[in-house]
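Peer 1: Residues annotated as repeat 'MBT' in TrEMBL: 19-117, 125-226. Marked as region 'Disordered' by TrEMBL: 222-259, 393-480. For 240-250, 427-458, the entry in TrEMBL reads compositional bias 'Basic and acidic residues'. Feature annotation from TrEMBL assigns domain 'SLED' to 270-378.
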Amino acid sequence: MSRASNGKPGFSYESQEAFNWVDYLKETGGSAAPAKCFKQFETPPKNEFRPGMKLEARDPRNLTSICIASVISTIGPRLRLRLDGSDDKSDFYRIVDSTDLHPNGYCEKRNELLQPPLGFMGNPSSWNTFLKRTKSSASFAPESFFKPEPPTPSANFFEVGMKLEAVDRKNAQLICPAAVGAIDKDQIHVVFDGWKGAFDYWCRYDSREIFPVGWCQKGEHPLQPPGNRAVPPKNRIRNNHSEEETREKSATPPIERSLNHINSTDGEKCVIYIKTSCDCGPYIEKDKLRTLNVKKVGPVPITSGLHVAVQSLVDCAKHQRTMFSRIRDGNGRVIININYGDKVHSKRLPPIETNDALWAFLREFLQDVDACQRLFSPDGFIKCEQCTNASSSEKKANFPTGSIKKSQPSSPATAEGLLKSVPNEPVSRDHRRHLEENGNIGEVKKIRLSVGDKEKVKSEKRRSSGANSNGGATRNSLNNSLSTEVAQGNKLFFKKNVTKNFRIILQE
Ligand SMILES: [Zn+2]
């Protein structure tokens, strides 16, 4: 196989460039719903929140309650939120100008009590203690971060056939191109291209989950191209795009391509692959690492990538306290949380703004926890020579466990260095399992998906048949779907349901 054809590096399907509304409207013959239809500002509000900040938020499952919530991540003008005391399965998204969000003290001013979230995991009698502890250790988002709500349209101005952008309610972090399929008084039927109704829903015309065409791009929110999920009959944009991309890719060696990709994103985005088959050292539980939900992060801003990468490893720690003590702290924006001694402890990481600094930090971090320094990689799930060789012997000669090796002969600290240091060799048969675990499917000759979710199977089938019939296109499309699920820090937990159901089966 040629590595150029594995199509791993350089995916940017999560970014706005991958989807062009102008072409799409031409191709599908639709018109965009005018801005007056929406309860959204034409210019999406600025998102100043940072992960880890707390606020008061309406419990989406119990609308009479206001709870303490934490910002888990930010995505464009939206926040991924988790109510303190609930688990990650009830995370939800809100735009920063939502009336469901309030600064600290909102309840108190109104003589209301902050409520435990529906499904509070603690003992109900411990709520007050929990609340006190949470509030005392929290960094609350300043009042200026909360933006005023946009005005409500005076009537339902939508017409059938109008195009818009809409939240995919089954994967709430995604916003996808959609159309108005039907109208009933105050309700509109939001229809997603190519899904035969699986994701469609009715909502009020003033729903905060629908946006005018172009909203995502203006708000730097990813827009999921329809072809990522299925190819609508009239729309061949996705295919054309894949072909172009395949051509482009085979022309440029993968490493350079990946560097271009990393360097070309001005706001310094990063892509981090977590190679869970690498030696993770004595502090991390191998099994937890292997079942990690996120194996690819990005393209996301540097700070989000840093947060997800470090927090993911910390979450896999054998001994939280020891792990915690090994993280170097600083005064940056990223905060890592860890649970021990019945308390949540936080540590602030150093300020990191560039890919160079990011990779230098990650390498040091891996070194500090005695793990393989290629466990994080900017360039896909490329074979790690060191760990593959070591896996047959009991211990990795170069990485004796149990002590910090700051004097370890260092591999290059920059993304470029890391990429260049990655061995570029054909893949052996022995290595197949390693690849499979890593999700590297560049080697796959035939791909069969066994998926629990019916929709997913349908879409995969349709996507494969819709895509170019050569293997490369099929692989690309599978890669897309995988990387789409895994991509971006904010999609972190969503993956849980999907990926467990995915199995990549290698056939001769
Ligand atoms: Zn390794």
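Just so it is clear, glycine is given a Cβ too, placed from its N, Cα and C backbone atoms.
Note: TrEMBL annotation is automatic and uncurated.
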Peer 1: Would you list the DSSP helix, strand and coil counts for the residues of the repeat 'MBT' (125-226)?
Peer 2: 24 helix, 29 strand, 49 coil
Peer 1: Provide the three-state DSSP residue tally for the domain 'SLED' (270-378): helix first, then strand, then coil.
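Peer 2: Taking each residue of the domain 'SLED' (270-378) in turn, the totals are 39 helix, 27 strand, 43 coil.
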Peer 1: Between 0 and 100, where does the mean pLDDT of the repeat 'MBT' (19-117) sit?
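Peer 2: So the average pLDDT across the repeat 'MBT' (19-117) works out to 92.
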